[in-house]
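In what follows, a single structure is set out as structure tokens and then discussed.
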Amino acid sequence: MASLALNTQADPEIELFVKAGSDGESIGNCPFCQRLFMILWLKGVKFNVTTIDTARKPEELKDLAPGTNPPFLIYNKELKTDFIKIEEFLEKTLAPPRYPHLSPKYKESFDVGCNLFAKFSAYIKNTQKEANKNFEKSLLREFKRLDDYLNTPLLDEIDPDSTEERTLSRRLFLDGDQLTLADCSLLPKLNIIKVAAKKYRDFDIPAEFSGVWRYLHNAYAREEFAHTCPEDKEIENTYASVAKQ
């Protein structure tokens, strides 16, 4: 196991367990692990991160969380294992005024990218080369939907008293200029798609999707995302056996 601590102030005792990389120490490829990692970082709470080598589960893990794979969390000595419930718990418990709310204001911010990863998975696992174009088209349709949403101004961006009509959004992220739970869910998956689809399908997100690229550029500039991403090789290794070229 490898541990690192992120210190800010006196807080609850929190330890997040995430999947380790191929070296057994670094951060591994697990979008759900990264999702919780980002949430805790954005909350501004003090917490420890421990990487778990799932290939060689340490003895202490068998006692701590038998039959459980990362991510899981210990909050004030209480084990929590369902990542969706963990997310809900953290949003409810680490709340204002001390900690920021991360829930998005607009429901579509959560919904808009919900099919992207499934389309990518079908594309990367396809074994019939002649069908690749159809799978790619399905993936591109989902990227177009995301791009349209990111380029369409939210209600918060529209000034009813202005004589200028804003036709193109300038916001940084899905729900505005702050990262939210919606970004914590989508961004780890987008990073996987960008890396694995390029490696095994020579697929690049088209430059014409300016909203998607603006979003990714802004996201990689934030340490809460960039510093929780696995190395590209970890993503490539994950898909090496399933990507039928």
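Any Cβ shown, glycine's included, is placed from N, Cα and C.
All protein chains considered, the CB of E25 (glutathione binding site) has 13 other CB atoms within 10 Å. E25 (glutathione binding site) carries neither a helix nor a strand DSSP state and counts as coil. Here Swiss-Prot flags E25, H227 as glutathione binding site.
The disulfide bond annotation in Swiss-Prot covers C30-C33 and rests on similarity to another entry. In the three-state DSSP scheme, C33 (disulfide bond) falls into the helix class.
Long-range contacts of the motif 'G-site' (30-33) within the same chain, counting only residues at least 6 positions beyond its ends with a Cβ under 8 Å from a Cβ of the stretch, are 16, 18-19, 70-71, 83, 117, 188-189, 192, 230. Annotated motif 'G-site' per Swiss-Prot: 30-33, in sequence order.
The domain 'GST C-terminal' annotation in Swiss-Prot covers 76-239.
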Stretch-averaged pLDDT - the motif 'G-site' (30-33):
98
Around H227 (glutathione binding site), which residues of its chain at least 6 apart sit with Cβ under 8 Å of its Cβ?
none
